[in-house]
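Below is one structure; the comments refer to it alone.
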């Protein structure tokens, strides 16, 4: 991982902490949008452009807009101080948990891109999709092929879930029109 | 009648000009991502989101209420339900052609066209329509949901008549 990616990780951590600490909700939303944008760029470093585009469009774009709209419609208390008061016992407990996770889980994780991972114990499975996608479906983007062809029925379920979520929102807000 | 949205919208020449310039590009990029999802990163989900966000951007710049009047309710209903119907019909059509649900090989067997086109049809006609429609719907539902249906009414109480399309158009 090069220097730019490491800088990006530091930026993401900083914006994540700032999201938790800022007292003014508008600042929180703006910083949270920056966090999502940082995550989107990080996903491109991890060679997942499809996920990066989703994160940029949904995480940084739509979520920020919807949250902005929400605070525009609700009362926004004027902030007399910049950050939330830090509750020391909570910091100690959460900090201990994070240290525990870092010391136990992180050393067990595989480095990005190495071939000793369990996934590669059966390379014929992953290689099948990488090698056969074009022959099977005729599209070059294996992610799209898996999404719409190999597991098309799951995607149909997901699409219906999105549809149902939209309908449910209208029901909760007691509206009967879409626009 | 119209004062329920005036408090949040301020007409800004800078934002309106910026959106006027950017909107054609984001719309084109969203459509490109949708139509080209098979051979490039992206697809119906991402492309549909960007197309939906373009409408959200226009609403932010030019006011939510004028944009809502410009977008008819039937259009959004058509987008969202049409997407589900198209997705389902494509899937069922493959059964009719003698395969399994969403088995695009049947296109090759019966019509001698690439199975790719079935996949693209699902991406464009199914996922992209649903996602863009739901995102626009969520935005307008949020924009209207927190204000009372009529200025004197109490928010959640459904009053003398059911809120029809026309009444909501008039009130918020």
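Heads up, the Cβ atoms here are built off N, Cα and C, so glycines get one too.
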Stretch carrying region 'Disordered' according to TrEMBL (options B:127-149, B:150-172): B:150-172
Tertiary contacts of the transmembrane segment (B:117-141), as residues 6+ beyond its ends and Cβ separation under 8 Å: 30, 34-35, 37-38, 43-45, 47-49, 51-53, 55-56, 59, 64, 68, 71, 76, 79-80, 82-84, 86-87, 90-91, 94, 102, 104, 107
Contact set, same chain, for the transmembrane segment (B:76-97): CB under 8 Å, 6 or more residues outside the stretch: 103-104, 106-107, 109-110, 118, 121-122, 125-134, 136-137
